[in-house]
Amino acid sequence: MARDLKDCRVPCKLLLEDLQALCRRKKLVCKQLSVTKNNFNDYEVEYLCNYKKHKGREFFLVKWKGYEESENTWEPLKNLKCPILLHQFRKDMKAALLQANEPLDSASLSGPIISFLRQKATQRIRLKKWEDLMNQTCWHKGRIFVSNEVDMDGPPKNFTYINENKLGKGVDMNAVIVGCECEDCVSQPVDGCCPGLLKFRRAYNESRRVKVMPGVPIYECNSKCRCGPDCANRVVQRGIQYDLCIFKTDNGRGWGVRTLQRINKNSFVMEYLGEIITTDEAEQRGVLYDKQGVTYLFDLDYVDDVYTIDAAHYGNISHFVNHSCDPNLQVYNVFIDNLDERLPRIALFAKRGIKAGEELTFDYKMTVDPVDAESTKMDLDFSRAGIEGSPIKRVHMECKCGVRNCRKYLF
């Protein structure tokens, strides 16, 4: 039994830095955490929560990591070796003083200002822990950052970050049983590679950018293929390649997502992930979501309207991407390790070049040219595929995208 358990791993309930603080507080030596008798008294600033000036000297009330607030201490500026926390505290303090119309050179802070600074500091800690958790959970290269400079909202409740779709009750997915025999799917494709076997042409160029029209299905190489993981026909399965930031919008659209790196036109950005459920189940959930004024239901009606992706409680960063009537992302149906046309994977590609710092959006009510749809054996219902695409939506939702050609309503 001991031999079988030797290489087992279990999730840790605390972050390593929290465990380090706990060991120091309890005076426990732990070599694995680099806690020794020599650094028992190394204290780490968790956040700054008050400020005062006395005889020209600045003092900050410090909340120490791993210690209760009752053990907070006032420290002179020279004792603090946390420039990032100091910069953020001064920025928050200035904003709060301006908002309250109080002097910026105040020698002490009023109760409401102190309360705001404490709330803001603890909010940032919660958001940072959520950010760390998502980055520990995700499999992809691109990092996730979180920012909220608008209000006091913390991480969303009842949301679990996932790396692949979660199958709901009554949903079965059959694994692919055949793959291509190509050694080089670009220069020496055998029988047209995976797309050719299904009478389609390859969707990507040598730079892994999509080259087919929206509405044309994408068939990537799969786990049964002879080619390796660096094959140019493996794109969506490689996951997010760009650093992205979940941020709070300042115009009532809730959370949004912006890119921190430039994204070239036709590049893969992210996959829309969630819980795959039956249309009947989606109908029931849709009634509840309508009452809440939210929508995370994405119909998979490439050929038949049988299944829906619900990203309300399980999803990835796409959960936070907002709608726009003039979006910079385009939806494509992708097939990899499952070829059931009722269960495509939903991939979002850049419609144009996207600058660093720009918000990412897609059209919840996207359309496909009927000519293109017909030419690719696609059911014309795909013109309604997406978050809008079924009778689940029973109420009008106001659009707040703000673009010139805004349709005023999402649905």
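Using N, Cα and C of the backbone, Cβ positions are placed for all residues, glycine too.
Annotated features in Swiss-Prot:
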DOMAIN    43-101  domain 'Chromo'
DOMAIN    178-239  domain 'Pre-SET'
BINDING   Cys180, Cys182, Cys185, Cys193, Cys194  Zn(2+) 1 binding site
BINDING   Cys180, Cys194, Cys221, Cys225  Zn(2+) 2 binding site
BINDING   Cys185, Cys221, Cys227, Cys231  Zn(2+) 3 binding site
DOMAIN    242-365  domain 'SET'
BINDING   Arg253, Gly254, Trp255, Tyr296, Asn322, His323  S-adenosyl-L-methionine binding site
BINDING   Cys325, Cys399, Cys401, Cys406  Zn(2+) 4 binding site
DOMAIN    395-411  domain 'Post-SET'
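Structure with Swiss-Prot features highlighted.
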| residue | record | DSSP class |
| --- | --- | --- |
| Cys221 | Zn(2+) 2 binding site | coil |
| Cys227 | Zn(2+) 3 binding site | coil |
| Arg253 | S-adenosyl-L-methionine binding site | coil |
| Tyr296 | S-adenosyl-L-methionine binding site | coil |
| Cys325 | Zn(2+) 4 binding site | coil |
| Cys399 | Zn(2+) 4 binding site | coil |
| Cys406 | Zn(2+) 4 binding site | coil |
Including all protein chains shown, what's the count of other C-beta atoms within 10 A of the C-beta of Cys193 (Zn(2+) 1 binding site)?
27
Under 8 Å between C-beta atoms and at least six residues away from its ends: which parts of the chain pack against the domain 'Post-SET' (395-411)?
251-253, 290, 293, 295, 322-326, 361, 364-365, 388
Residue among binding-site residues Cys180, Cys185, Cys194, Tyr296, His323 with Cα closest to the Cα of Cys231 (Zn(2+) 3 binding site):
Cys185
Sequence order is fine: just name those binding-site residues in Cys221, Cys225, Gly254, Cys399 with a Cα within 10 angstroms of Cys180 (Zn(2+) 1 binding site).
Cys221, Cys225
Just to be sure I understand: of Cys221, Arg253, His323, which binding-site residues have a C-alpha no more than 10 angstroms from the C-alpha of Cys399 (Zn(2+) 4 binding site)?
Arg253, His323
Integer Å distance between the CA atoms belonging to Cys401 (Zn(2+) 4 binding site) and Gly254 (S-adenosyl-L-methionine binding site):
12
Residues satisfying Cβ distance under 8 Å from Cys221 (Zn(2+) 2 binding site), sequence separation of at least 6:
Gly179, Cys180, Cys182, Cys185, Cys193, Cys194, Cys227, Cys231, Asn233, Arg234, Ile336
Expressed to the nearest Å, what is the distance separating Trp255 (S-adenosyl-L-methionine binding site) and Cys401 (Zn(2+) 4 binding site) at their Cα atoms?
13
Round to a whole number and give the Cα-to-Cα distance in Å for the pair His323 (S-adenosyl-L-methionine binding site) and Cys225 (Zn(2+) 2 binding site).
36
Counting by DSSP secondary structure, give me helix, strand and coil numbers for the domain 'SET' (242-365).
18 helix, 49 strand, 57 coil
Using all protein chains in view, find how many other C-beta atoms are within 10 Å of the C-beta of His323 (S-adenosyl-L-methionine binding site).
23
When the Cα-Cα distance from Arg253 (S-adenosyl-L-methionine binding site) is computed for each of the binding-site residues Cys225, Cys401, Cys406, which gives the smallest value?
Cys401
Can you tell me the mean pLDDT for the domain 'Post-SET' (395-411)?
82
Given the recorded Zn(2+) 3 site (Cys185, Cys221, Cys227, Cys231), which additional residues of the same chain have their Cβ within 8 Å of the Cβ centre, ordered by sequence?
Cys180, Cys182, Asp184, Cys193, Cys194, Cys225, Arg226, Gly228, Ala232, Asn233, Arg234
